[in-house]
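What Swiss-Prot records for this protein:
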type     : residues : note
COMPBIAS : 16-33    : compositional bias 'Low complexity'
COMPBIAS : 326-355  : compositional bias 'Low complexity'
DOMAIN   : 181-244  : domain 'bZIP'
REGION   : 1-57     : region 'Disordered'
REGION   : 56-108   : region 'Activation of RTBV promoter'
REGION   : 183-204  : region 'Basic motif'
REGION   : 209-244  : region 'Leucine-zipper'
REGION   : 283-357  : region 'Interaction with TBP2'
REGION   : 326-380  : region 'Disordered'
Amino acid sequence: MNREKSPIPGDGGDGLPPQATRRAGPPAAAAAAEYDISRMPDFPTRNPGHRRAHSEILSLPEDLDLCAAGGGDGPSLSDENDEELFSMFLDVEKLNSTCGASSEAEAESSSAGAAAAVAAAAAAAAHGARPKHQHSLSMDESMSIKAEELVGASPGTEGMSSAEAKKAVSAAKLAELALVDPKRAKRIWANRQSAARSKERKMRYIAELERKVQTLQTEATTLSAQLALLQRDTSGLTTENSELKLRLQTMEQQVHLQDALNDTLKSEVQRLKVATGQMANGGGMMMNFGGMPHQFGGNQQMFQNNQAMQSMLAAHQLQQLQLHPQAQQQQVLHPQHQQQQPLHPLQAQQLQQAARDLKMKSPMGGQSQWGDGKSGSSGN
């Protein structure tokens, strides 16, 4: 904004309280403030028709540095003039921090101008020259914030890390902001508390998720072990089932073989029964004629024995005739007389031996013939 439009304390511009309610400051301080403001760089031009481009509920980050360049140009709940005064105040602080090698007179004039600006901003915020539309806040109106609490809450920056030191500086700047614009400081403090609560809820949620993940991992490990045991049992049962199937097939083959053997035996038994029945029908006739061949065989054997004895006697007689031709002639002429004469001892012994031989042969031949007859009758 141009210097002509920048409100200066005691200028009577819009947004400042009337002349009657203004505090009368020393003329030297006013001149010093006017001199410092004239040396400040021009502010960027802003469109007065669109003053609030951002949402009021937009939360600010925790590490926001309020002393950065252009930090006071953001929207606030106060009037436009109050925002411009606060921006001027921050720019004056920046100039004081960067110009440390300036003279003591310039430092005193800068501090005097800053004090005058702060006093004017506080008076404008307290009395309010004109009522404007106030946007609703997302927090309770009864909640208030004290600068002493904010300053006390921020510990010393000695021995802290960069992030903690930045937070402490931010808290200190927020305390200074509470003196100038308490509503904006209240909103920033509420946003910080909400962010802290959200972060805490997020951490709890993450911890709960980690606990659930660990529980699920433990269950997965247990289930994996159980699955391995079940797979091993299943493999054993499958092998046993295969062995039982092989045994069942072997038993079925044995049963089929037994059935075939039984059928063969039944057919053979039936055939033997049929053959036995046929033989039983023709066996009676053969038994009736079984005794006659035996009788004929016995008579024939006796006849053969007699013939053998006669042949032996004839041979013996021929020998006697050759040895004793005279005795043979007498025996031929007188056979009866020859029979009456006693035989020679040698001749008698030979005759007895021949008779014994005939007796031994005759029982054996009769028994064999009798056995042959029995076997023939039983076979028939």
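Backbone N, Cα and C atoms are what each Cβ position is placed from, and that goes for glycine too.
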Go ahead and report the DSSP secondary structure tallies for the region 'Basic motif' (183-204): helix first, then strand, then coil.
-> 22 helix, 0 strand, 0 coil
Per-residue pLDDT averaged over the region 'Activation of RTBV promoter' (56-108), given as an integer = 49
List the helix, strand and coil residue totals of the domain 'bZIP' (181-244) as derived from DSSP.
-> 63 helix, 0 strand, 1 coil
